[in-house]
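K.L.:
Before we start, here is the structure in question, set down as structure tokens.
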Ligand SMILES: Cc1cc2nc3c(=O)[nH]c(=O)nc-3n(C[C@H](O)[C@H](O)[C@H](O)COP(=O)(O)O)c2cc1C
Ligand SMILES: O=C(O)C(=O)c1ccccc1
């Protein structure tokens, strides 16, 4: 897209008058903390254990330094990419985040609409408060992917994938790092789990297989439905061999999210999946695990371009995207920042977060001497 950034930057300055959400990530988080009740805020903001990995995710980005190039004519830029045969305006997607109605009543509908309006694919979570069909209807024609939490009820997992395929989702993201919730001290302290409320499991409640397992419908007996959900949510017994089952259910591209170890990256390629997402779930699972951006280069080296490698966990500013792409990521996923935009101003808030980030990315890329994402490589970085 020609001069996308200049246009975006211009609009950003216009938007500032409205000042819907703070520009800086730190202020965005602080404002969300003021607006939200402690329990939902902590659910979003907090991570596992002493939150070392969450902190390191951000610090690790700062250890990689950009060494900008000069005199390279960056007047005419293109920040678009191609992924699975489709063009994206920006190398950016919205990360799958469950239970979004805990921060805003319009939840995933608002986020997905904001993403669609910016040409950014939305990744709907299995644990969405709105059903995947409702999210799809609200954003007809827009590119979106579905993230699968692979239940220990295989028929339910298959049903989710089939529903996603018929509702027009373009890829399946299987999240591997959360067969159980990590040790999240703030949630335990508050005794708060958002999916112990009806809205928390909205997407499950509309699934025919899920419903067929219940003695009484959720409308009659929501507590039993939630109890059932708690029994079927995760599946820690899965192994690499089980992937064949999902492969047999769909022709959509399949990506694995939560891969950090290079040996797992090799297994993933051998298993025939179509893409990887290097992620530590924003530090919410294994506290002490490697920052995602530090795991990225080794995974990229093992994969050797056979399949695209995406990443998330710690993307806050344009420079983070420049660094991730320079290290070989094809695209990145945005997580918490858009949840804070949603909390503060719904759809318009998410849009402004996106617009700011995209403008920042475009400018940083250009000022580093690159006209397109193809121009970003490891030669642009130095680790200190
Ligand atoms: C509140 C919250 C809920 C999440 N829910 C899901 C989910 O349902 N499925 C999933 O694959 N990842 C989920 N994630 C992880 C994100 O997809 C992503 O990996 C993470 O937010 C990246 O870290 P960052 O937001 O700190 O950049 C969730 C993250 C947060 C903060
Ligand atoms: O909180 C999370 O990180 C997450 O992945 C999740 C899992 C199940 C339901 C809602 C969110």
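Cβ coordinates are placed from backbone N, Cα and C, and glycine is handled just like the others.
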K.L.:
From the candidates 43, 340, give the one listed by TrEMBL for the same glyoxylate site as 149, 184, 281, 284.
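P.N.:
For the glyoxylate site that includes 149, 184, 281, 284, TrEMBL also lists 43.
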K.L.:
Are any of the binding-site residues 96, 98, 184, 312, 336 near ligand 1, with a Cβ under 6 Å from it, and if so which?
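P.N.:
Going through 96, 98, 184, 312, 336 in sequence order, those close to ligand 1 turn out to be 96, 98, 312, 336.
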K.L.:
State the three-class DSSP label for residue 336 (FMN binding site), counting H, G and I as helix, E and B as strand, and everything else as coil.
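P.N.:
Reduced to three states, the DSSP call for residue 336 (FMN binding site) is helix.
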K.L.:
Just jot down the residues in the same chain as residue 257 (FMN binding site), at least 6 apart in sequence, with C-beta under 8 A of its C-beta; none if empty.
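P.N.:
Spatial neighbours, sequence-distant, of residue 257 (FMN binding site): 96, 147, 173, 174, 175, 176, 177, 276, 277, 279.
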K.L.:
Could you check what DSSP calls residue 257 (FMN binding site) once collapsed to helix, strand or coil?
P.N.:
strand
